[in-house]
Amino acid sequence: MELIDMNSMASSIGVSVAVLRFLLCFVATIPVSFAWRIVPSGLGKHVYSASSGVLLSYLSFGFSSNLHFLVPMMIGYASMAICRPKCGIITFFLGFAYLIGCHVFYMSGDAWKEGGIDATGALMVLTLKVISCAINYNDGMLKEEGLREAQKKNRLIGMPSLIEYFGYCLCCGSHFAGPVYEMKDYLEWSEGKGIWETSEKRKRPSPYGATVRAILQAAICMALYLYLVPQYPLTRFTEPVYQEWGFWRKFGYQYMAGLTARWKYYFIWSISEASIIISGLGFSGWTEDASPKPKWDRAKNVDILGVELAKSAVQIPLVWNIQVSTWLRHYVYERLVKNGKKAGFFQLLATQTVSAVWHGLYPGYMMFFVQSALMIAGSRVIYRWQQAITPRLAMLRKIMVFINFLYTVLVLNYSAVGFMVLSLHETLTAYGSVYYIGTIIPVVLILLSYVVPAKPSRSKPRKEE
């Protein structure tokens with residue numbers, strides 16, 4: 001009877017039983033995270049965090065999922081225990097190697113594209129968490145002089161206990177879809193230290209208003225996704241009718257297909273945000289207003305309006321998959337820049353390549369993230385030209401801002417097709433149907449930047465938002 005109910009429920013919303021089971025467990029992370037608040041003692045909280053994560057993983061993906069999760073977790077912990085000076089680099093490469101193996105074995109991208117589900121999505125989040133923990137433990141050996149602010153803030157002087165480590169990795173199912181957070185923050189949260197410390201004058205902030213807002217946002221996002229997805233199927237890109245359309249209709253379809261897919265991610269991240277907020281871990285401090293209000297930025301993984309109305313492609317990593325973008329900046333991008341040097345296109349391309357490999361070894365992912373590097377580099381060219389215009393020509397500056405906005409919309413949604421369809425044939429078919437415009441424009445802009453270099457305006461430009 002239960003199976004029949006699951007089947008009918010799944011068919012009513014157009015998903016498989018496996019996906020429905022995952023969604024139910026994923027939504028259950030909200031009450032599970034709420035219950036964490038009433039668990040006594042630091043040890044009890046670590047045990048609850050780990051055991052609830054194990055149980056939710058078992059119910060979502062089966063027993064084998066926890067065995068898969070155990071591999072990178074033990075790689076990270078063993079490397080910290082045995083070889084602290086190299087534990088970060090060992091965990092990085094071995095953790096990614098195991099993740100890539102799972103991607104290839106399960107062909108996870110095909111499963112997700114066809115509406116299936118497996119544990120590799122959660123393994124992706126878990127891999128980033130164990131790598132950051134190992135790198136921060138490695139940084140704990142270094143002197144503060146010369147370290148970046150993020151390194152000083154997150155480095156671990158002492159090695160976490162095994163139960164602390166397991167609690168951090170699997171905390172209340174937070175490994176399902178993130179957000180990624182730091183071991184030091186987890187420990188301070190569990191022990192009521194740092195910004196979580198309370199006193200008579202310093203009360204614990206209420207998470208309920210922010211949690212309700214995130215849940216309402218998730219409901220709206222899911223409703224929009226379910227409404228749009230039947231109208232803009234990804235299979236349309238290889239259908240003869242698509243090839244008969246004109247350029248603007250094809251481009252319009254690419255935009256709507258990208259917009260439709262994004263609502264799914266907005267829903268997932270809104271639920272994970274609600275879960276982290278209600279546990280208290282999402283708290284990130286107080287505003288500096290006359291009447292301070294709590295901030296919940298640690299739980300935030302997306303700024304929907306920031307993505308859809310981005311004035312520049314440079315802003316996209318700051319508003320999309322925010323915590324993973326932060327992880328990539330702290331543990332890849334910044335660490336490829338030598339002291340006293342500025343980051344360039346190499347660091348950007350290397351970071352995007354790591355992101356592509358993290359998602360899976362599909363041509364569509366690779367092409368999307370290479371496209372992203374080109375898109376950001378091209379947007380920077382437009383911004384530099386905009387800043388070179390004298391403030392007296394305010395209207396021309398506004399026109400350049402609008403051009404950068406249009407450029408971002410065009411190239412982002414063109415590039416996103418590869419991320420959605422994954423296969424080389426479908427990606428090239430979709431790109432070719434609009435004459436590779438989203439590739440040609442960024443390349444032309446980058447080349448033009450050498451021919452028409454931006455000369456700084458005499459007046460001091462305003463800092464880019």
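Note that Cβ sites are derived from N, Cα and C of the backbone, with glycine treated the same way.
TrEMBL labels come from automatic prediction, so no person has curated them.
Per TrEMBL, the feature transmembrane segment maps to 12-36, 56-75, 87-107, 119-137, 157-177, 210-228, 265-286, 356-378, 399-422, 434-453.
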Interface check, the transmembrane segment (356-378) with the transmembrane segment (157-177), three or more C-beta pairs under 8 A: no
The transmembrane segment (265-286) vs the transmembrane segment (157-177): 3 or more CB pairs under 8 Å: yes
Candidates 12-36, 87-107, 119-137, 157-177; stretch with most C-beta pairs under 8 Å toward the transmembrane segment (210-228): 12-36
Range from 12-36, 87-107, 119-137, 157-177, 434-453 with most C-beta pairs under 8 A to the transmembrane segment (56-75): 119-137
Contacting positions for the transmembrane segment (434-453) when only residues 6+ beyond its ends and CB under 8 Å are counted: 247, 250-251, 254, 371, 374-375, 377-378, 381-382, 384-385, 407, 410-411, 414-415
In contact by Cβ distance (the transmembrane segment (12-36), the transmembrane segment (119-137); 3 or more pairs under 8 Å): no
